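Asks: To start, I am sharing the structure in question, which I have written as structure tokens.
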Amino acid sequence: MAKQIILNAFEMASAMHNSHGLWKHPESKRQRGYKDIEYWIKMAKLLERGKFDAVFFADVLGVYDTYRQSKAPSIRDGLQFPVNDASLVIPVMASVTKHLSFALTVSTTYEHPFNIARRFSTLDHLTKGRIAWNVVTSYLPNAARNFGLPEMIKHDQRYDIADEFLEVTYKLWEGSWEDDAFIEDKQNGILIDPDKVHEIHHAGKFFAVEGPHLCEPSPQRTPVIYQAGTSERGREFAAKHAECVFVGGPTPERIKYYTNDIKRRAEKYGRNPDNIKVFAFLTVIVGKTTEEAEQKFAELNHLWSPDASKAQFSGASGYDLAEYETKDLNAPFEFKNTEHGHYKAASLTKDASKKLSIGEALNKLEQLDRESIIVGNPEEVADAIQHRFEESGVDGFNLNHLITPSSLEDFIELVIPILQKRGLYKTEYKPGTLREKLFNYGSSLLPEDHPGSAYRSNRSKSFIV
Ligand SMILES: Cc1cc2nc3c(=O)[nH]c(=O)nc-3n(C[C@H](O)[C@H](O)[C@H](O)COP(=O)(O)O)c2cc1C
């Protein structure tokens, strides 16, 4: 069977996500709906009807306040603000679906591994193994100040913390409980065999955790690990831990560059590079006719918020674009390292399809980016998706929907059936957990070549690091 496209719906438990200013569209329901259980129940049923593999919840722990050194541009347009805790939305969606999975973004910089291990085990139990973790190190200065830090921890050190964070969670998920610890022996009055539950005694540079894990082993034990950082240090982290990675870049060449780099690095960790799935971004405007789609594009472009778009770029990259607005607009828009995130800064510099001037970079943010968005009738959209899928060699996409839920409804009604007819998209879900659906290991657990599986051998004893 031809390789089929894996699809995640890119989401956030927030008023607005990436569709800057489009809350003004009459069909936009998210800016009010995101607070209601019914909204998420409807979304879950819609996505499962469309056979989406997962809903991918992004998350941030602060307000974007780099642009103009102010929170106002973000708050004014609801830029990923207000934002609720998606981990509490997932069980609601899981209760009305059987196969749809859930990727939850959690920061390793502002959480504690003992707590997060329990959160994901609980979600893995409740969803019967349909949970993934998008590991981020975060990039907003306001998030640092929300957690008592005067400024962000340095970018690469955030990944050093993330490495140890994952080590602790692996020890808890993979090494603390033996499979047959829960015995419910009514005869002898033993519910759980204490000899089969082990402390972990982690003593590291950033964390000290005695254990044992507070949760019984869940269907996957370790959730499917996603990662989306594209900096050098981010790719190194992905190569060691990620089962699924998001790579930026509007061109197949840049996507292939990141893909090959991460897979080459993965081999160094003894991993089979084919065990890493690669995803790219996808934004689509589909109409019944080409004209209708172009009309929709023009309508959305008219409602676009340049300020919110520049606020998101500034916060994610650390470039205060208000400073660039007063520079020579013909000067080149250069990449520079900051302590924020790399992937956004790269999108208009290293990853851009051509070298941009400052004016061109600002202009790309000040309107809907026609170059990266697929606009057309159903066949044209399916053609463009098929081309990107085959050209870039990715395994799937994160679908960014501009108007929620109508963009999703259009996509499911008009595009999915064509992809299915072409054999590019499933007509039925595979049975089992998310890891069983995504990979062919024949097991819900981490594969033997993943570093997390090394901690299984410790189930037979309490171990001191
Ligand atoms: C598809 C995609 C989704 C992302 N979602 C988030 C997110 O929800 N929260 C976040 O803090 N960073 C998110 N990021 C950015 C990075 O994953 C993250 O901030 C990372 O810690 C820094 O990445 P870097 O290695 O590129 O500097 C996302 C990136 C991509 C490409």
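Backbone N, Cα and C atoms are what each Cβ position is placed from, and that goes for glycine too.
Annotations for this protein, taken from TrEMBL, read as follows:
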{"type": "BINDING", "residues": "ASP59, THR105, HIS155, TYR159, SER231", "note": "FMN binding site"}
{"type": "DOMAIN", "residues": "28-395", "note": "domain 'Luciferase-like'"}
Asks: Running a distance check here. Ligand 1 versus the binding-site residues THR105, TYR159, SER231: which have CB less than 6 Å from one of its atoms?
Replies: THR105, SER231
Asks: Fewest other C-beta atoms within 10 angstroms of its own C-beta: which of the binding-site residues THR105, SER231 fits that?
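Replies: Comparing Cβ neighbour counts within 10 Å for the binding-site residues THR105, SER231 gives SER231.
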Asks: Per-residue pLDDT averaged over the domain 'Luciferase-like' (28-395) comes to what?
Replies: 97
Asks: Look up THR105 (FMN binding site) in the DSSP assignment and reduce it to helix, strand or coil.
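Replies: For THR105 (FMN binding site) - judged by DSSP and reduced to three states - the answer is strand.
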Asks: Return one of helix, strand or coil for HIS155 (FMN binding site), based on DSSP.
Replies: helix
Asks: Same chain only, sequence gap of 6 or more: which residues have a CB within under 8 Å of the CB of ASP59 (FMN binding site)?
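Replies: Correct list: MET12, ALA13, VAL83, ALA86, LEU104, THR105, VAL106, SER107, VAL136.
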Asks: Report, as a single number, how many Cβ atoms besides its own are within 10 Å of the Cβ of HIS155 (FMN binding site).
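Replies: A count of 20.
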Asks: If you pair up every Cα among ASP59, THR105, HIS155, TYR159, SER231, the residues annotated as binding FMN, what's the maximum separation in angstrom, rounded to an integer?
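Replies: Spelled out: the longest distance between any two Cα atoms in ASP59, THR105, HIS155, TYR159, SER231 is 19 Å.
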Asks: Including all protein chains shown, what's the count of other C-beta atoms within 10 A of the C-beta of TYR159 (FMN binding site)?
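Replies: Excluding its own Cβ, TYR159 (FMN binding site) sees 22 Cβ atoms within 10 Å.
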